[in-house]
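Enquirer: After the structure tokens below, expect a handful of questions from me.
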Amino acid sequence: MVSKPFQRPFSLATRLTFFISLATIAAFFAFAWIMIHSVKVHFAEQDINDLKEISATLERVLNHPDETQARRLMTLEDIVSGYSNVLISLADSQGKTVYHSPGAPDIREFTRDAIPDKDAQGGEVYLLSGPTMMMPGHGHGHMEHSNWRMINLPVGPLVDGKPIYTLYIALSIDFHLHYINDLMNKLIMTASVISILIVFIVLLAVHKGHAPIRSVSRQIQNITSKDLDVRLDPQTVPIELEQLVLSFNHMIERIEDVFTRQSNFSADIAHEIRTPITNLITQTEIALSQSRSQKELEDVLYSNLEELTRMAKMVSDMLFLAQADNNQLIPEKKMLNLADEVGKVFDFFEALAEDRGVELRFVGDKCQVAGDPLMLRRALSNLLSNALRYTPTGETIVVRCQTVDHLVQVIVENPGTPIAPEHLPRLFDRFYRVDPSRQRKGEGSGIGLAIVKSIVVAHKGTVAVTSDARGTRFVITLPA
């Protein structure tokens, strides 16, 4: 199957220029059409008024009952000679022409090709193509006339209730047609020039209008990894670009946060790994510096094994967090009773709690959730391990389970020294410690709470922490 070649969309400047120019040119042509149509209607009304005026004059002569036909025709010829660009034809009741304009063909011969005049408002008015003849023009000497506007009407004394004549009057409209054609040609020429000007003006206007976009683009191009704290000012751009600038600022803020976290993460993990590696090297060098007994070598190996185990756990935890960061942490959900899961975690920590003189207590109902049992037990284990680490001897750690508004909450409470408010938002950050100096006395690697948050988020839940004089409370909220 042959794929279609990639075709880049037209630029915004091209599209804007095309549509604005098209709209403007269309508006101009619409105006030109209205003008031409108005002129045509005006000329048609003017011609019809002239025809009615002529017909009224001739009708008075032909309707006179006391005149003979010869006398009527003589009077008719005298009147017609006073009109230029007008042809007359008079037919009797038998359809025979009794008079037509001297020196001109009989217009009745051309009436079979007559068509109704659509520009005439009311009345039976027709357009004729022919006869062709030279006649005086409007200030232009003689000109060829071949297009006529014609009316016909019954006139003359009544015989058997019907007029004895039918009068045909044709008025030349060639001057009007020439005027309209000249006007159309001038409008077309003007439209062509204006269209070209409009395209260039719109191109210039669009180029000027896109200046803020180019300005924003230059500002964005100047932002490097060292300038992630730079923000664009939405007040300095047009309102149409404000949302774009705000979105960019939000994006760069997220990038800065991720970049900062990654930098800190790299520094922290390098520091965390460097210390056990240094210990391994130091212990090994000391062991090799002189002859050692088997017991001393075994002690060194056990110490090295402890450091290696700690490093392996840290690497495993980091891989787990990397999966969470890449949305690859997919829980294998099944219906669980959280009371049972808490009991299993209690069984695991029971010996350690007794050794430290701390009591473990569960309070609550049998809360049902859909979740991954291994992940949830790991999250609970990390919270309980953290609570055991900071709970004074003789105190009690309480784990509560409750259902609130179709949500299940697991609360881990432990008494102890309260955590300062400024530290609470960062407790779930990797390698973050409230007291950085306490790194090696059983406090762990500093990523346990980060793992808790990743597991809870993977289950579409939330985790929060509060701390006061009564102790510290971690609250996991999961969908029921």
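The backbone N, Cα and C atoms fix where each Cβ goes, glycine too.
The topological domain 'Cytoplasmic' annotation in Swiss-Prot covers 1-15, 208-480. The feature transmembrane segment is assigned by Swiss-Prot to 16-36, 187-207. Sequence annotations record features per position, and here Swiss-Prot assigns topological domain 'Periplasmic' to 37-186. Feature annotation from Swiss-Prot assigns domain 'HAMP' to 208-260; the stated evidence is sequence analysis. Feature annotation from Swiss-Prot assigns domain 'Histidine kinase' to 268-480. According to Swiss-Prot, the feature phosphohistidine maps to His271.
Let's see these features in context: how buried, what's close, how far.
Expert: Per-residue pLDDT, averaged across the topological domain 'Cytoplasmic' (1-15), gives 70.
Sequence-distant contacts of the transmembrane segment (16-36), counting only residues of its own chain at least 6 positions beyond either end whose CB sits under 8 Å from a CB of the stretch, comprise 10, 180, 183-184, 187, 191, 194-195, 198-199, 202-203, 206, 209.
Sequence-distant contacts of the transmembrane segment (187-207) (same chain, at least 6 residues past either end, Cβ-Cβ under 8 Å): 12-13, 16-17, 20-21, 24-25, 28-29, 32, 35-36.
Broken down with DSSP, the domain 'HAMP' (208-260) shows 38 helix, 0 strand, 15 coil.
His271 (phosphohistidine): 11 other CB atoms within 10 A of its CB, across all protein chains. In the three-state DSSP scheme, His271 (phosphohistidine) falls into the helix class.
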Enquirer: Looking only at the topological domain 'Periplasmic' (37-186), how are its residues distributed among DSSP helix, strand and coil?
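Expert: DSSP classes over the topological domain 'Periplasmic' (37-186) add up to 58 helix, 53 strand, 39 coil.
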